[in-house]
Amino acid sequence: QRRVYRTTTHVPRELGQIMDSETFEKSRLYQLDKSTFSFWSGLYSEVEGTIILLCGGIPFLWNLSGQISGRAGFGPEYEIVQSLVFLLLATFFSAVTGLPWSLYNTFVIEEKHGFNQQTLGFFFKDAIKKFIVTQCILLPVTSLLLYIIKIGGDYFFIYAWLFTLVVSLVLVTIYADYIAPLFDKFIPLPEGELKQQIETMAKSIDFPLTKVYVVEGSKRSSHSNAYFYGFFKNKRIVLFDTLLEDYSALNKEPAEGEDDENEETKSKPKNKKQGCKNEEVLAVLGHELGHWKLGHTVKNIIISQMNSFLCFFLFAVLIGRKELFAAFGFYDTQPTLIGLMIIFQFIFSPYNEVLSFCLTVLSRRFEFQADAFAKELGKAKDLYSALIKLNKDNLGFPVSDWIFSMWHYSHPPLLERLQALKDAKQD
């Protein structure tokens, strides 16, 4: 794929009507930079993980956690307390070692190519907030999971699976209402033509829409997105302001004397408008609602939970194998949290790669089906132009090596999606 980025310097003939040479070159350089960053950050991650394993970093951190919890009055019999200390130290270490890479990605690569909208202060404030919120969710959930495994008897894997199922459903339900607003501002889509059209389209396919929000994604990046969430009769749609040509702050001149969100974000001049027209936004939503109407969301949940149940069952089979713990430096103890880490992170690694590929293939199939659904709604022409605009706005490179694409792209390449829409567009 890197060779494709390096050598494809001219717009291919089949893309001549879609992308101008300037945007093509910008997207090529952007993806080349991202590819280089991905290689080096991935290599660092592998080297770091290998050194930790070879030098006994996991048992060292476990023993350190025991010392800290012991000083607080919790002896070795309080394994769950020691596990939470271990988890806190491990996630803190991961956050610290990952910080330089995140800074480089945001303030060098994304900044260089015009996507970053954050200041350094906003970035660190955001990172600290994410770490705190993560711990507030991760530590209680982990402690309950470990407790269930401890008291669950021979069938603990069933109870552990049911617990994780409930937690995942609760988090999906509350995320957009209570967690996401801690980081971004959500405002109801103003009354007007777009909102009326969205409500009409939702009603036409029996989508139980209750609210439509616009999130100020432009505070952190000029990339665009849209999604829906909620269960049963309480569905909400969320549109990033960067998706909406008429609402994007990136298309507006700052008011005189405006402090621009207390200097949390920076104002950047734009050479052209970003985002989609109302008809194109409706086409994008037609695609997203197609995922709901065709049951893709439910199918993904079922597949995820079947996999989760299988993993907990295999964990129950393997957790008694002392040689697994010994291989990672735990000769005298077999902590449950360490067992979860060894089995889920290392033993299942090859299986997870195969599963990931299968889910990528399925995801691409779902994307084609959702496009076809939008086509049936009469949105083929607008979705065609929206896909081109979004590809340009996000500097997506439309040429890809077929093996790389097959393994990594959860969405079909742009040309394949456009070809599927082309006939209907011409009609």
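Glycine is treated like the rest: Cβ placed from N, Cα and C.
Summarising the annotation, TrEMBL assigns active site to Glu288. Taken from TrEMBL, the feature Zn(2+) binding site covers His287, His291, Glu367. The domain 'CAAX prenyl protease 1 N-terminal' annotation in TrEMBL covers 1-185. The domain 'Peptidase M48' feature in TrEMBL is assigned to 188-423. Residues or ranges marked as region 'Disordered' in TrEMBL: 253-274. Annotation source TrEMBL lists transmembrane segment at 37-60, 80-104, 131-149, 155-176, 309-331, 337-362.
Taking the features listed in TrEMBL, we show where each one sits on the structure.
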residue: His287; record: Zn(2+) binding site; contacts (Cβ under 8 Å, 6+ apart): Ala370, Asp371, Phe373, Ala374, Lys379, Leu383
residue: Glu288; record: active site; contacts (Cβ under 8 Å, 6+ apart): Ala226, Tyr227, Phe228, Ile237, Ala370
residue: His291; record: Zn(2+) binding site; contacts (Cβ under 8 Å, 6+ apart): Thr297, Phe366, Ala370
residue: Glu367; record: Zn(2+) binding site; contacts (Cβ under 8 Å, 6+ apart): Ser410, His411, Pro412, Arg417
Key: Same-chain residue ranges lying at least 6 outside the transmembrane segment (131-149) that approach it to Cβ under 8 Å   = 79-80, 83-84, 87-88, 91-92, 95, 156, 159-160, 163-164, 167, 171, 179, 182, 336-337
Request  = Can you check how the pLDDT averages out over the domain 'Peptidase M48' (188-423)?
outcome  = 85
